[in-house]
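Q: Sharing a structure with you now.
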Amino acid sequence: MKAIVFAYHDIGCVGLNALAEAGYDIQAVFTHTDNPGENRFFSSVARVAADLALPVFAPEDVNHPLWVERIRELQPDIIFSFYYRNMLSDEILSLAPQGGFNLHGSLLPQYRGRAPINWVLVNGETETGVTLHQMVKKADAGPIAGQYKVAISDVDTALTLHAKMRDAAQELLRNLLPRMKEGPLPLTPQKEADASYFGRRTAADGEIHWQKSAFTINNLVRAVTEPYPGAFSYLGQRKLTIWRSRPLDLVHNKLPGTVLSTAPLTVACGEGALEIITGQGEAGLYVQGDRLAQEMGIVTDVRLGNKPSNTLKRRTRVLILGVNGFIGNHLTERLLQDDRYEVYGLDIGSDAISRFLGNPAFHFVEGDISIHSEWIEYHIKKCDVILPLVAIATPIEYTRNPLRVFELDFEENLKIVRDCVKYNKRIVFPSTSEVYGMCDDKEFDEDTSRLIVGPINKQRWIYSVSKQLLDRVIWAYGVKEGLKFTLFRPFNWMGPRLDNLDAARIGSSRAITQLILNLVEGSPIKLVDGGAQKRCFTDIHDGIEALFRIIENRDGCCDGQIINIGNPTNEASIRELAEMLLTSFENHELRDHFPPFAGFKDIESSAYYGKGYQDVEYRTPSIKNARRILHWQPEIAMQQTVTETLDFFLRAAVIEKTAAPKDELNA
């Protein structure tokens, strides 16, 4: 069987040797010239080809018509690509009757794209592998001929994992190539719903953000240590590179980046601490961590972090309208952990954000967006990123106060959108999973799913269509007037500070808060229509991390994008959520402060929400955009979220009871 080979790197050498060993008639080898700016730790495909007496080429553009014609003249039966860095055109792939096959360094459909070995380490994966798949127009998306799994240990680095992948590629090809000579293999289509895509990495991506967990930072160190440029941070203007590290489960009260000790050299992280085992100063030697501290004059309580700019760089100003709300206060906390941001906020209350009021990077005014229009316009003009988070987003209000929902959620927010257009400011707008309505797709896709709502007499859809219309207006302003925007769609975010029990008492809260109130007060848990409706519950910390990356907007990756933010693996019915809450409630240390459980009570939606309500059976997000654009993946299990949310409300309820007047307690 005549083959044309496109190859580079060690895997390219493995592939070339495997084809020769399997007896393929290799007509030509295409590779790349050496890049003098690259640390070449891998073998040369050109040398292997020369040793095998094969013709080898390194064209600037292999898809040029001249090269396409030369390949046509060779009449290949099959084409192989082994870590070749450029996409092959459809015209080239059509020249081989058996098609083209690519060897990719991951277990597709996960980790499509560039640098999969580095990315799996960055993300803390415990397993990866190699995949031989048919090449199609879309990168790394073709049907699979075979895979070989590789375990990732806690101490693997990019180099050690690369060696494992090289061995795995050898085993996979030894198994598949002889069989492919005999005839076409059965191919397995990839599941697009499971696909994730990652882009190329640069040396700048090795910068350490100390507010992340020690586990996450250690994964970065492993992913970019030698032969790559390394993970790095700064002590003032001086750069230090960390080559080896160890995460420590250490409790501290220091700011992220603070040096906790110099022997061993240990640095505080957002969660835990990182021990620096070996490192290197900018002009120094590769040394042990304690020696590095001596050479660079690192002392306890000094902070490592970003390189200070020679010119004072202004912080990015973020305006959050509705800053005291659930998303607003959690987002503020995340932004203030990063020295690059300054937050301006407006809301009608301040109970949830009182912990930030002493922070010099936080500026708050108590007010109503329908009244303080001049203040809002001034601050839109002053700030860089605008997040209008004010909205009525509780289902009972959609039927109880539909006009108020329209006035606030649409009309007031439209003014803000127009001010963003007027002053050329970027808006990050909270769309909603509700816009999908009764969509009949299994997963709701931002770019292809239909937005289906009920008849006019079902007033519950006024929230959905208000948000949808704003989405369309924002999109149109982007197309016609260059408005910079990102639309994000939260799917049932949960966590501490979601609503409050007083809101639940008047029925104006989310489902979990209402369920917790029933437990706290000893009233039956009301399950609307039996609680059969399924939702995908997302931990607030997962959601906020995705939203933070949208605000960060590296290289403008989020401009003009619509991004679902949800956790498809945390799908559960409302009844299952209630049962999970009940179990956690019965096992909680404060259980004795509350009345006995009063049971479950099924209730019709019309009796609970009123006339004009209509529900949907499920609401499952596709998160391919979030994975591809943000390199984000939800991590927190639903049980943890439920436990933490319940704990927050139970402690608040106990404090409320303790503070209540005696006559009220005896009533």
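The backbone N, Cα and C atoms fix where each Cβ goes, and this holds for glycine too.
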Q: Report the candidate from Asp347, Asp351, Asp384 that shares the NAD(+) site with Asp368, Ile369, as recorded in Swiss-Prot.
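A: NAD(+) site check in Swiss-Prot: besides Asp368, Ile369, the record includes Asp347 out of Asp347, Asp351, Asp384.
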Q: Long-range neighbours only, meaning 6 or more apart in sequence with Cβ under 8 Å: which ones does Val136 ((6R)-10-formyltetrahydrofolate binding site) have?
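A: Residues satisfying the criterion: Gly142.
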Q: How big is the gap, in Å, between the Cα of Arg114 ((6R)-10-formyltetrahydrofolate binding site) and that of Ala393 (UDP-alpha-D-glucuronate binding site), rounded to a whole number?
A: 40
Q: Over the residue list Arg114, Val136, Lys137, Lys138, Ala139, Asp140, recorded for (6R)-10-formyltetrahydrofolate, what is the maximum interresidue Cα distance in Å?
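A: Pairwise Cα check on Arg114, Val136, Lys137, Lys138, Ala139, Asp140 gives a maximum of 17 Å.
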Q: Count the Cβ atoms, other than its own, that fall within 10 Å of the Cβ of Asp368 (NAD(+) binding site), considering every protein chain shown.
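A: There are 13 of them.
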Q: Which of these recorded positions is closest to Ala393 (UDP-alpha-D-glucuronate binding site) if you go by CA atoms: His104, Lys137, Lys138, Asp140, Arg619?
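A: With Cα distances computed to Ala393 (UDP-alpha-D-glucuronate binding site), the winner among His104, Lys137, Lys138, Asp140, Arg619 is Arg619.
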Q: Which recorded positions from the set Lys137, Ala139, Ser433, Arg619 come within 10 angstroms of Asp368 (NAD(+) binding site), judged by C-alpha positions?
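A: None, since no candidate lies within 10 Å.
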Q: In whole Å, how far does the CA atom of Arg619 (active site, proton donor) lie from that of Lys137 ((6R)-10-formyltetrahydrofolate binding site)?
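A: About 31 Å separate the Cα atoms of these two residues.
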